[in-house]
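Sequence annotations record features per position, and here Swiss-Prot assigns anthranilate 1 binding site to Gly80, Asn111 based on sequence analysis. The annotation 5-phospho-alpha-D-ribose 1-diphosphate binding site is assigned in Swiss-Prot to Gly80, 83-84, Thr88, 90-93, 108-116, Ser120. According to Swiss-Prot, the feature Mg(2+) 1 binding site maps to Ser92, Glu230. For Arg166, the entry in Swiss-Prot reads anthranilate 2 binding site, with the evidence type sequence analysis. Among the features that Swiss-Prot reports, Mg(2+) 2 binding site is placed at Asp229, Glu230.
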Amino acid sequence: MRQQELIQKLLAGADLSAQEMEACIDSIMENRFTDAGTGAILALLQKKGVTPTEAIGAYENLMTRVTPITLPAHAVDTCGTGGDHRGTFNISTAAAFIAAGAGVPIAKHGNRSITSKCGSADVLEALGYRVDLPASATEEQFRETGFAFLFAPLYHPSMKAVASIRRELGIRTLFNLLGPLINPAKVKRQFIGVFDPSVMELYADVLIHAGCQHAMIVHGKTEHGDGLDEASVSGPTTIIELFEGRLCHHTVNPEDFGLNRWSIDELAGGDAETNAQIIRQILDGSATQAQIDAALFASAITCYVSGMGSCIDEGMSMSKESLESLAAMENMNRIIEVNNRLAEECNTHEG
């Protein structure tokens, strides 16, 4: 479909088929559309609202473009969509280290900050972790530690084609929507926090299409009723659970799992150094109880999604043991040590 034809169709409010969307993304990534045309298409899709069928078409095209990496499909990705503007610390990153300390294999896909002060890549770097390892070294990192961070720009080089257009538009687009769904390792277990509850069903549809085995898609509320892309310790959390092709809907509260309810202000983060310090304090037990509870809740869900915990309650027990035994802290230190060694080896080989 030609650029002008596509724009006219979207202006009329019409939806695209999966094949049309796949062809559209192909034309965008191969620079067959003008920058103005691509910007118009992305803005019109955002205004209309992306359908599950359109998201699946875009997903299919983007996954053909990833830099390949081979990690076990049973590894778990923990991530959020961002965009809630609540300024919390990096809860899903802290949770990933707690779950890893409990033996859960982690393949976390992430990026630098887009809508917050500090993205997962930023806080990992502040902890001393090198996010720029090539795929082969990242595979070795996972073999040695059961943990890998997949830095989005390294695995989605085709995104450079739209980087300046997205920056100039200054709005969330289809690419922000798909970010949490396009883990290059094609993991089959995911814990995803979304700030906009209207996309939860869409995420479930794409994950079913992708063959995801077990996923928890969550949307939390603060005590003021504002949305969070986290499991909330400040209010209720709505969950869509996907397990082997079947969907279940739940609403849970922190008290259901023995956690206290805290004000969202208690979970405030800052820049990368501040958030790295919060994560260290959570893992060594010196953080506030609010910070610990938020990380425990996310880790408990991660343990459950991994299949190592039979329910969130069991995941909570695993997570508390990981923290209280200092396994999470010791494991994080080892992960960073191995990561730094592999980075040095890469530098030596390049030199």
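Each residue's number is its place along the chain shown, starting with 1.
The backbone N, Cα and C atoms fix where each Cβ goes, and this holds for glycine too.
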Rank the binding-site residues His109, Arg166 by how many other Cβ atoms lie within 10 Å of each Cβ and give me the one with the fewest.
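Lowest Cβ count within 10 Å among the binding-site residues (His109, Arg166) is Arg166.
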Among all the protein chains here, how many other CB atoms are within 10 A of the CB of Thr88 (5-phospho-alpha-D-ribose 1-diphosphate binding site)?
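Other Cβ atoms found within 10 Å: 25.
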What same-chain residues, at least 6 away in sequence, bring their CB to under 8 Å of the CB of Arg112 (5-phospho-alpha-D-ribose 1-diphosphate binding site)?
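Correct list: Gly119, Ala121, Asp122.
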Ranked by the number of other Cβ atoms within 10 Å of their own Cβ, which of the binding-site residues Ser92, Asn111 ranks first?
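Result of the Cβ crowding comparison: Ser92.
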Could you give the Cα-Cα distance between Gly80 (anthranilate 1 binding site) and Ser92 (5-phospho-alpha-D-ribose 1-diphosphate binding site), in whole Å?
7
Which residues in the same chain, at least 6 apart in sequence, have a Cβ under 8 Å from the Cβ of Asp229 (Mg(2+) 2 binding site)?
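Same-chain residues close to Asp229 (Mg(2+) 2 binding site) (Cβ under 8 Å, separated by 6 or more) are Gly80, Thr81, Gly82, Gly83, Asp84, Gly193, Val194, Phe195, His219, Gly220.
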Cα-Cα separation of Thr88 (5-phospho-alpha-D-ribose 1-diphosphate binding site) and Glu230 (Mg(2+) 1 binding site), in Å?
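Rounded to the nearest whole number, the Cα-Cα distance is 10 Å.
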Rounded to a whole number, how many Å is the Cα of Ser92 (5-phospho-alpha-D-ribose 1-diphosphate binding site) away from the Cα of Glu230 (Mg(2+) 1 binding site)?
8
Using DSSP and three states only, what is Thr88 (5-phospho-alpha-D-ribose 1-diphosphate binding site)?
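Strand, per DSSP.
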Reported as an integer number of Å, what is the Cα distance between His109 (5-phospho-alpha-D-ribose 1-diphosphate binding site) and the residue listed as 'anthranilate 2 binding site'?
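That separation, Cα to Cα, works out to 20 Å.
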Give me the non-local Cβ neighbours of Glu230 (Mg(2+) 1 binding site): same chain, 6+ apart in sequence, Cβ-Cβ under 8 Å, ordered along the sequence.
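Sequence-distant Cβ neighbours: Gly80, Asp84, Thr88, Ile91, Ser92, Gly193, Val218, Gly220, Ala294, Ala298.
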Can you see whether DSSP assigns His109 (5-phospho-alpha-D-ribose 1-diphosphate binding site) to helix, strand or coil?
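For His109 (5-phospho-alpha-D-ribose 1-diphosphate binding site) - judged by DSSP and reduced to three states - the answer is strand.
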Distance between the residue listed as 'anthranilate 2 binding site' and Asn111 (anthranilate 1 binding site) at the Cα atoms, whole Å?
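Between the Cα atoms of the residue listed as 'anthranilate 2 binding site' and Asn111 (anthranilate 1 binding site), the distance comes to 15 Å.
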Taking the Cβ of Gly80 (anthranilate 1 binding site) as the centre, count every other Cβ atom within 10 Å, in any protein chain shown.
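There are 26 of them.
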